[in-house]
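Annotation comment: TrEMBL describes A:6-66 as domain 'HTH tetR-type'. TrEMBL lists A:29-48 with the feature DNA-binding region.
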DNA sequence: ATGCTACATAGCTATCATGGCTACGGTCAA
DNA sequence: TTGACCGTAGCCATGATAGCTATGTAGCAT
């Protein structure tokens, strides 16, 4: 091997994720990432095709982490589907508060996520939805829940809840009502 | 009055909105807007502080148009709150399909919308929510509905519904379930 | 009333700074 | 010697500013 490497793809993506949260997407410049990694900007292009690809990798890594946490949430919860749904919602919301920029990146439209990661992150939701609404309506129920959750958190992050009222309470209200709405007598 | 004006703030914002939809936010450059208006880029700075302010004005104008359409939807519908809710959802979704980039701009986090426009666009939803859920839960109900709607449409625009199933049907299912979930025996 | 001057403002050219990206050469371990 | 790694130099696009030119109106002098 010639001259030892001073960085790695993982290091670059990690630096990018940190920078995304601390400075925002538009400050996520190749120079800033390179500086954080201890290298000059052009050197990044040995590992990453361009800025868009780097952003895609960051989104991908973030989505995988979310998927892992969602799996964990379902495993921790009791077997009651309503409780599991609440857990899923809470974990996703906590994640969004912890990494708001990353969350926006995932659910925004600027990045096209690959099918596999999408399926992986949907799996736990689909399972709970099936338990709650029955197999037949599982996909619709999962979509209704995911849409609500995503919308709620997006609006919260965007500061769109400025008409008063308690946001925590609105969240609890929302989960409970969605669970009720989606539950079938047969399922949950 | 000195040299006749070749443009106006309205003209600039309109050109910006058109460009946003046809070319996307990142192609919305000051030069592109100026060219469309028939002027050079620096001249725009006589009317607009900078690109961010222009984007804010575009978001604002788009939100006002959405608010107007939502009002219209409620007026057209019968007096049944469920029907009104369905109308609101449909109008918003149609709007999002017609102006996807504008819709993302509104519900994304890159622009801070002013309180007044926010309230104006929320008003019809709040009214229907009150009719459906009762005054006490109106705000919570409106937030649950808005969150679901926003999330559903955002995901649709982002192409996140790739796990099969009929999206139209999922939408109908969603509105119906949200209406059920939010309706109180007293209210709707 | 007519003609000239002063001024206010729209828009332009020129220019700078920043950031993405490429080409190419130096350096260092094997 | 060789080959991968990384840096310097540099190109291009874009946001933004400075200062100039052009234009037309208001107002004054005749």
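Note that Cβ sites are derived from N, Cα and C of the backbone, with glycine treated the same way.
Any TrEMBL annotation is an automated prediction that lacks curation.
Since the structure is predicted, the reported quantities are computational estimates derived from the model, not experimental observations.
When DSSP labels each residue, the domain 'HTH tetR-type' (A:6-66) comes out as 46 helix, 0 strand, 15 coil, counted as helix, strand and coil in that order. Looking at the DNA-binding region (A:29-48) alone, the prediction's average pLDDT is 96.
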